[in-house]
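Now, the feature entries from Swiss-Prot:
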- Lys14: active site (ACT_SITE)
- Asp140: active site (ACT_SITE)
- Pro98, Met99, Gly100, Gly101, Gly102, Leu103, Gly104, Gly105, Gly106, Ser107, Ser108: ATP binding site (BINDING)
Amino acid sequence: MPAAISRNWPAPAKLNLFLHINGRRADGYHELQTLFQFIDCCDMLDFKVTETPELILHSNMSGVVADSDNLILRAAKSLQQTTGFNGGAEIWLDKRLPMGGGLGGGSSDAATTLVALNKLWHTQLSTEELAKIGLKLGADIPVFIHGFAAFAEGVGERLQAVNPGEPWYLVIAPDAHVSTADVFQDPLLPRDTPKLAIDTLMSQPWANDCQKLVVSKYPQVAKALGWLLEYAPSRMTGTGACVFGEFTQQQQALAALAKLPSEMQGFVAQGMNLSPLITRLSHP
């Protein structure tokens, strides 16, 4: 009897509510302090367990990423190799989040793949073990696996659960591809923000240390942020290009969205301190 398809596994976007760069390590990675929060805008994945070990990915974004580089397939293969599971999976991705942009979509897709297949394959790894697999694939993946809003330190792997407010956001995705590697290699990037205690960071105004550099190099980001600042406290997420404005009421965010210039793309979403992936995990 063929296996049923397990449907509607969410892979939410994240915002970096602040991002501070505290220095550069000997290995070239940067020491960070950042605050991750999920938003209720998600890619969706479906999974079917197969008896043969092949991993097959169907996507509405076919051709964008080579199979060998696709984080979803790499995550599934890593779980196979770690656990010795000898079956496979057929995976369907409904890509709804902007590619790149600092929303973490690729990392979130990989995290959802690890969490879902660990359940469907009955491989029974702990959350910590899944996060270790995820960290090898990308620094942002563990936060999506743990599934709670988090203060992160180090290269982003040391996580502490936090409960910031859950406001409404207007997110704008400028038509620009910002290379994370280029941002972190740029000599003009500030790398000397003092490390602060979490209580201090949570109570002071929030900022993104990458923002000034990216805005200076990408006029589309500068334009989107300039427009958004007319309506709400706003900043960039990650290394961009996406920017977000913070609103207390959904209606305020929707009213601003209605005025968005036609050449800009945006959407309204609510902050979430618990990932919808965790809610989905508790269902059959």
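Every residue, even glycine, has its Cβ placed from backbone N, Cα and C.
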Key: Most Cβ neighbours inside 10 Å, all chains, among the binding-site residues Pro98, Gly104   = Gly104
Key: Between Ser108 (ATP binding site) and Lys14 (active site), the C-alpha gap once rounded to whole angstrom   = 8
Ask   = Can you count the other CB atoms that lie within 10 A of the CB of Lys14 (active site)?
value = 27
Remark   = Around the Cβ of Gly100 (ATP binding site), other Cβ atoms found within 10 Å total 20
Message = Which binding-site residues are spatial neighbours of Lys14 (active site) here, meaning Cα within 10 Å, out of Pro98, Gly100, Gly104, Gly106?
response = Gly104
Note = Quick note, Gly104 (ATP binding site) and Asp140 (active site): C-alpha atoms separated, nearest Å, by 7
Message = By a 10 A CB contact count over all chains shown, which of the binding-site residues listed here is most packed: Gly102, Gly106?
response = Gly102
Key: ATP site, defined by Pro98, Met99, Gly100, Gly101, Gly102, Leu103, Gly104, Gly105, Gly106, Ser107, Ser108: further same-chain residues with Cβ within 8 Å of the Cβ centre   = Ala13, Leu97
